[in-house]
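Annotated features, as they stand in TrEMBL:
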- B:10, B:11, B:42, B:43, B:187, B:188: substrate binding site (BINDING)
- B:73: active site, proton donor/acceptor (ACT_SITE)
- B:186: active site, proton donor/acceptor (ACT_SITE)
């Protein structure tokens, strides 16, 4: 039994879709979220910068005495997590590996589709993670430049003609190749689930990295005896590195419920060096 | 006769559509462009920050001994230009005022439409500029959140179904109000001119702030005897505050021709204080 919070970070607010899933499967856990909204996006930055930012973000979360860290940012998960994992005394879950394992388990015909931002697809992180699990998997990917702006503009409901048109266009080459499993490789995409479902039909498994990370976090806490079974009401704290106003407005959309708990702006640059404990 | 270059700056790469128009109407002029790609966008920042960045950008351009400055950024034009204009010893042209005057001159029924990013429309800068010229003008505006990502994804040609659908949706409330003049209030929008033209029909005048700024710059140079009539080949220099790779790729799209001249990354923060001359 462990009352310490779970720490989650993302380069922006998309990581709140992972928080949503963690709240669902681990309703008793306290949470600390950091969204690096002042330095978003990570995907276009250099390897060194991504590692530096990730260390920074984890240093900040560590000041809240977290018991586990969830790296909800795909870029940080693939580039920085393998480097920094050993530097922190808590177990870490990254979205890429969780989603790759879930996709490997879900596919029957071995054909897996991956969609994401142009930076994520160019990084080839999902393909590498999938091939590390099973080199025989066929991976078909497609960058979807307009889905993040679309979701951020609130246009993700079933009835949105532009959303429907774009998703159909982006998924066409993947469906033509006969994929039976689709990794929604961007934290924003779960909001478009209804549209993806309509376009893919019922026979394609949709893998949401946030949901798989939440499931893996639960398994990890169970295994290591770290669950919070106090039955006390959950406490959540949210931190950002830019304006809190814009964040509060969008947070509800990504969480699927109003933001509970305090929201604070911090100067993340101050956490470049780890505090001595 | 004056060989000194014209300085142009924008918060990013959209200002290159103004450069394109300046090259067209002033083919003999040398140019220095600065795109503040490391600090884009300006529209969501505080008034003080926008003024500070604008001073910085102008300080940098002044080191190239410019004879005139074109503020291609709508946010900097409306918020900072009135404040900083007197601080620099060169004439300055801002996109907002030029476009407002051109729209006032173009309209016959006094109903002017304005489209732009959510930040530009929220700032109400075009409406204020139009009403300063003529309080009787009816101004109808609409924020278009998805047009910048659409253009940056290269989807602006007549045949693009998503572009057509979005433009039709964004312009519908303006056309219903009977506008006969439309200000394309974002530097990215001139690339969508064919789509706007198809949706608006032939009777709505399209006002491109970059083109009106180019025309005003020409008039200003003529009037003040500052034209470069040497007949020498134009020299252009481009500077950005972030990665040059991404910029070079997109620049051709905005310029409508390959980028000629050197492209250099600078540390714009170094120009916060004006160099003593």
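Don't overthink the numbers, they just go from 1 along the chain as shown.
Every residue gets a Cβ built from N, Cα and C, even glycine.
Shown here: features listed in TrEMBL, placed on the structure.
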residue : record                             : Cβ within 10 Å
B:10    : substrate binding site             : 31
B:11    : substrate binding site             : 27
B:42    : substrate binding site             : 22
B:43    : substrate binding site             : 21
B:73    : active site, proton donor/acceptor : 33
B:186   : active site, proton donor/acceptor : 24
B:187   : substrate binding site             : 29
B:188   : substrate binding site             : 25
Could you name the residues, excluding B:10, B:11, B:42, B:43, B:187, B:188, of the same chain that surround the substrate site, i.e. Cβ within 8 Å of the Cβ centre of those residues, in sequence order? B:12, B:14, B:15, B:40, B:41, B:72, B:73, B:74, B:75, B:117, B:186
Between the Cα atoms of residue B:10 (substrate binding site) and residue B:73 (active site, proton donor/acceptor), what distance do you get, rounded to the nearest Å? 5
Whole-number Å distance separating the Cα atoms of residue B:187 (substrate binding site) and residue B:73 (active site, proton donor/acceptor) is 8
Longest inter-residue Cα distance for the substrate binders B:10, B:11, B:42, B:43, B:187, B:188, rounded to the nearest angstrom, is 15
Integer Å distance between the CA atoms belonging to residue B:186 (active site, proton donor/acceptor) and residue B:73 (active site, proton donor/acceptor): 8
Between the Cα atoms of residue B:42 (substrate binding site) and residue B:186 (active site, proton donor/acceptor), find the distance and write it as a whole number of Å. 13
